[in-house]
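Novice: After the structure tokens below, expect a handful of questions from me.
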Amino acid sequence: MTDVATRSGTPRVSRPPSKTGGRVSWLAVALTSLAIVGYVLATYAQGSLATLAQNESGLATTYADRAAPVQAAFYAHITFSALALGIGPLQFAGTVRRRRPRLHRWIGRVYLVSVAIGSVSSLIMACFNSAAINGFFGFGTLAVLWGWTAWRGWRAIRTGDHLSHQAWMIRNFALTYAGVTLRLWLGVLIGVQLPFATGTVDVDHVFDTAYAVLPFLCWLPNIVVAELLLRRRGLPSLALTASRTAVRRT
């Protein structure tokens with residue numbers, strides 16, 4: 001248990017999650033991450049963007065006619081974001097951290113490099129996305145926060161602040177996991193529209209309506225969940241920081 005200062009100054013006891021619940025949650029995150037990695041790689045390994053665009057596969061139609069640098073950013077995003085999503089859960093495996101610290105550090109280095117490349121390429125892609133201005137601000141903000149939280153996590157571990165490092169990397173992977181939640185929310189938002197469709201379903205309209213809110217919906221709830229998780233574990237969180245500041249001022 002961990003004592004954490006509250007707004008009243010009375011210590012609040014933070015109870016760590018049960019081992020069974022933590023393992024189930026970790027396994028669910030790891031499996032869904034790997035599933036999306038497999039899906040994305042299988043989709044874009046089938047051919048060039050031009051070929052995939054003819055079959056309307058994934059985002060190929062959006063980027064098939066773009067300039068070579070934009071297409072390069074697209075492939076960099078697919079490759080390195082998939083790598084970050086695939087190895088990210090290993091960073092939170094307690095067995096790896098405790099028994100194989102050197103492996104943990106190397107996985108962390110690869111992960112951070114992948115996020116750095118993925119975030120820059122994501123920012124470029126946001127300028128040419130299919131969700132127009134909503135996509136530019138939503139996906140663009142995601143790209144900036146993704147890179148920034150990775151940098152904060154790297155800076156924290158370089159200064160020996162392990163608790164802050166854990167907190168920032170949880171936030172960062174919550175943003176990485178947007179690759180999963182985007183597709184989950186897309187399925188949900190398409191599904192809730194179908195019962196209200198009359199006559200022949202306009203598939204393009206249903207998809208566009210669902211996709212319009214995804215640039216923000218795919219990552220904002222993730223950050224909220226991450227902050228709640230940090231608070232539950234007694235790690236530095238935005239809510240806890242505010243509480244401690246209030247205590248110091250009283």
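Any Cβ shown, glycine's included, is placed from N, Cα and C.
Source: prediction; values computed, not measured.
When I checked TrEMBL for this same protein, it listed these features:
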COMPBIAS  1-11  compositional bias 'Polar residues'
REGION    1-21  region 'Disordered'
TRANSMEM  24-45  transmembrane segment
TRANSMEM  72-94  transmembrane segment
TRANSMEM  106-125  transmembrane segment
TRANSMEM  131-151  transmembrane segment
TRANSMEM  172-197  transmembrane segment
TRANSMEM  209-230  transmembrane segment
Novice: Which residues, given as numbers and ranges, are at least 6 beyond the ends of the transmembrane segment (24-45) yet have a Cβ under 8 Å from it?
Specialist: 17, 52, 57-58, 60, 75, 78, 82, 85-86, 88-89, 92-93, 177, 179-180, 183
Novice: Can you work out which residues elsewhere in the same chain, 6+ from the ends of the transmembrane segment (72-94), have a Cβ less than 8 Å from its Cβ atoms?
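Specialist: Apart from its flanks, the transmembrane segment (72-94) reaches 26, 29-30, 33-34, 36-37, 40-41, 44, 49, 59, 63, 66, 104, 107-108, 110-111, 113-115, 117-118, 120-122, 124-125, 169-170, 173, 176-177, 179-180.
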Novice: Excluding the flanking five residues on each side, which residues at least 6 beyond the ends of the transmembrane segment (106-125) place their CB within less than 8 Å of a CB in that stretch?
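Specialist: Contacts of the transmembrane segment (106-125) (Cβ under 8 Å, skipping residues fewer than 6 from its ends): 63, 69-70, 73-74, 76-77, 80-81, 83-84, 87-88, 90-91, 96, 139-140, 142-144, 146-147, 150, 153-154, 157, 172, 176.
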Novice: Taking a Cβ cut-off under 8 Å, which residues six or more beyond the ends of the transmembrane segment (131-151) line up next to it in the same chain?
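Specialist: Distant Cβ neighbours of the transmembrane segment (131-151) are 112, 115-116, 118-120, 122-123, 125, 168-169, 171-172, 175-176, 178, 211-216, 218-219.
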Novice: Which bits of the chain, at least 6 residues beyond where the transmembrane segment (209-230) starts or stops, bring a Cβ under 8 A of a Cβ in it?
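Specialist: The answer is 129-131, 134-135, 137-139, 141-142, 145, 167, 170-171, 174-175, 177-178, 181-182, 185-186, 189-190, 193, 236-240.
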